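I have a structure here, written as structure tokens, and I will follow up with some questions on it.
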Amino acid sequence: MKKHLKKYALPLLVVGCLLLIYICTLMGITSIPFGEANRILLYQLLRIDIGGSSASAGHGAIIWDVRLPRVILGFLTGGALAVCGGAYQGIFKNPMADPYILGVSSGAALGAAIGIVLRFDTSFMGMGGTAVLAFIGAFVTIFLVYRISRVGRRVPVGSLLLSGIAVGQSLSAFMSLLMIFNVQSMNAIMFWTMGSFNGTGWDQVFIVLPFVLLGCVVLATTVRELDIMLLGEDTATQLGVDTERLKKKVLIASSIVVAAVVSVTGIIGFVGLVVPHVVRMLTGPKHRVLLPLSMVLGGAFLVCCDTLARSVASQEIPVGIITAAFGGPFFIYLLRKTRKGV
């Protein structure tokens, strides 16, 4: 029975997530009758006209131009962070690894802070000035960490982790210094670092989508080698895995995805750390199951958190606060349960 459950788990979860996206699009702080919202969505998505074409123009814009792209972006972001977290945990053989472990978030945050302070408004490919500088900051950080960690032609995993922590802390210090000397920009910088989908639309969806798709396709080609890496780097090398090439592949693909996502949404924590743990507990460590299920569950989790963030109060709550509020206690529970199991 368990085997059959695993076989149908992914298709059922995909269907469930599509339903979740549909339902969350109907929800929000602006009061729109459920029936009208449902008719608008059916008309826009399937051209089924049961009154959707004659609905309020304002309500139609809220559903189609505000809520739906925001929900889709939330799913892409959550799924991308969870997949990259699962891949990092596999390549580093470290359950505490998450998408931000190499300092990507600190680099993006410093870039965004510079953009906010300088009021940099030059857009590129639909990305605002702050997002452009955040993307550049994330990429410069990745390159810097990789160069510092390199020993000859090898990049030891331990060196990568330590370099990521050191560079990340240094960049965070620079950002704090920037905030101290620009108090008027402090609130905007703090709000950005908490993560939010406020103000996002179809432009942001189409910016993030190709990066997420490309990164996930590349990571999907590494699942067999990641499984072998669980036996240890030396054993994997003896079994024919080019571990250095694998590390480069995973790091580059994951870093591109995380940089693209963070530059648009800000820093959203715990998704890439907790979701792969949950999937691993349910299905085991095999990455051919772990990564796709992490994508689906990570997306669903973040969509639910964002729906809560924009619905519970008159003022929108940064979604990073919601994910931390749920993710922190749940991660403590996982740690205690694992310790008892040992």
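The backbone N, Cα and C atoms fix where each Cβ goes, and this holds for glycine too.
Quick paste of what TrEMBL says about this protein:
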| type | residues | note |
| --- | --- | --- |
| TRANSMEM | 12-34 | transmembrane segment |
| TRANSMEM | 71-88 | transmembrane segment |
| TRANSMEM | 100-118 | transmembrane segment |
| TRANSMEM | 124-146 | transmembrane segment |
| TRANSMEM | 158-181 | transmembrane segment |
| TRANSMEM | 201-223 | transmembrane segment |
| TRANSMEM | 250-275 | transmembrane segment |
| TRANSMEM | 287-305 | transmembrane segment |
| TRANSMEM | 317-335 | transmembrane segment |
Cβ pairs under 8 Å with the transmembrane segment (100-118): which stretch of 71-88, 124-146, 201-223 has the most?
124-146
Can you tell me which of 124-146, 158-181, 201-223, 250-275 gets the most C-beta pairs within less than 8 Å of the transmembrane segment (71-88)?
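When the Cβ pairs under 8 Å are tallied, 250-275 comes out ahead.
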Of the listed stretches (201-223, 287-305, 317-335), which one yields the highest count of Cβ-Cβ distances below 8 Å with the transmembrane segment (12-34)?
287-305
Give residue numbers and ranges for long-range contacts of the transmembrane segment (124-146): same chain, 6 or more residues beyond its ends, CB-CB under 8 A.
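Here the qualifying positions are 102-112, 114-116, 155, 160, 163-164, 167-168, 171, 192, 203-204, 206-207, 251, 255, 258-260, 262-264.
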Check the transmembrane segment (317-335) against the transmembrane segment (250-275) for contact, please; criterion is three or more CB pairs under 8 Å, pairs 6 or more apart in sequence.
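Yes, these stretches are in contact.
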Short question: most Cβ pairs under 8 Å with the transmembrane segment (201-223), which of 158-181, 250-275, 287-305?
250-275
